[in-house]
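**Student:** Take this structure, written in structure tokens, and hold onto it; I'll ask about it next.
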């Protein structure tokens, strides 16, 4: 089997970068893109000057201004971001047809069969970065590796404006030093559970056989076993289409009642809005839904056609879903089904209520 060559390209603070490009007076100052604080807006992204103050994506604009009083917050211009994204994807298509967009600002490319630069994935990534910089006047970071899991980690390794390469013969050593929190699909709760088992990095994870991991983590144990060895067989799908977009949170301490669940909704919905703003224009938001997993691992999902995507609608759905079990809750999720427009264009105003 031919060794795969995967590139993960991730634009550096994409929305903010476009704003600074189009208005140079914003460069070098703390900048965020998002909704206004007086309308309970949320930060979609921010530049590195703002991040130095602790400002982060999905944070409320009000809290961001408390951390950084000099922060400039501009409204999202989705048309401009989508146009820039199209230009970047046009560049990608010069090297391969196997492109899997993850959002407006990141994508996987499979260049295993590309003849450009003698088939060198590293040189292709270098050229993509050069062309994006020259044509769009923004920077992107890229990771090159034998699979998607490692390519995504690599693209983050030297951010911003960096390139990191993991060759096949470097995989075993590179992965052995990774903290388990870096593994695809490992969130805080799973990382904490691994830590309690004495597993903090992939070298320690490799000491566990597959069956033992399955006993502890169910089917995800098999995935952990593979990732600890740098194995990821997922293909780059250029025709993959999202069915939904959602946000879930597993709580360290079970939520004891409906009131405590409802209190968690606003934060989940703010994060959902941020994620929805990153999907491309070929989707239209459809039915909202909620997911509840109870302390005994039973779960229920409720979606409602015709319901709004406002806080009140989600509160009503969550109440109905909770009442199906009426038990302490370990996981809450909120989401939206997506309608595939296949290239349709619709402006989504997701940051202002």
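Yeah, the Cβs are placed from backbone N, Cα and C, and that goes for glycine too.
When I checked Swiss-Prot for this same protein, it listed these features:
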- 106: active site (ACT_SITE)
- 10, 105: Mg(2+) binding site (BINDING)
- 6-187: domain 'UmuC' (DOMAIN)
- 15: site 'Substrate discrimination' (SITE)
**Student:** If you average pLDDT over the domain 'UmuC' (6-187), what do you get?
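**Tutor:** Summing pLDDT over the domain 'UmuC' (6-187) and dividing by its length gives 94.
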**Student:** From the Cα of the residue listed as 'active site' across to the Cα of residue 15 (site 'Substrate discrimination'), what is the distance in angstrom?
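**Tutor:** Cα to Cα, residue 15 (site 'Substrate discrimination') and the residue listed as 'active site' are separated by 12 Å.
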**Student:** Let me make sure I understand the structure: which of the recorded positions listed (105, 106) has the fewest other Cβ atoms within 10 A of its Cβ?
**Tutor:** 106
**Student:** How many other Cβ atoms are found within 10 Å of the Cβ atom of residue 10 (Mg(2+) binding site), counting all protein chains shown?
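**Tutor:** Step by step: centre on the Cβ of residue 10 (Mg(2+) binding site), count other Cβ atoms within 10 Å, giving 19.
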**Student:** Do you know offhand how many angstrom separate the residue listed as 'active site' and residue 10 (Mg(2+) binding site) by C-alpha?
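**Tutor:** For the residue listed as 'active site' versus residue 10 (Mg(2+) binding site), the Cα atoms are 4 Å apart.
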**Student:** Validating a neighbour-count step here. Other CB atoms within 10 A of the CB of residue 15 (site 'Substrate discrimination'): how many?
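**Tutor:** Excluding its own Cβ, residue 15 (site 'Substrate discrimination') sees 28 Cβ atoms within 10 Å.
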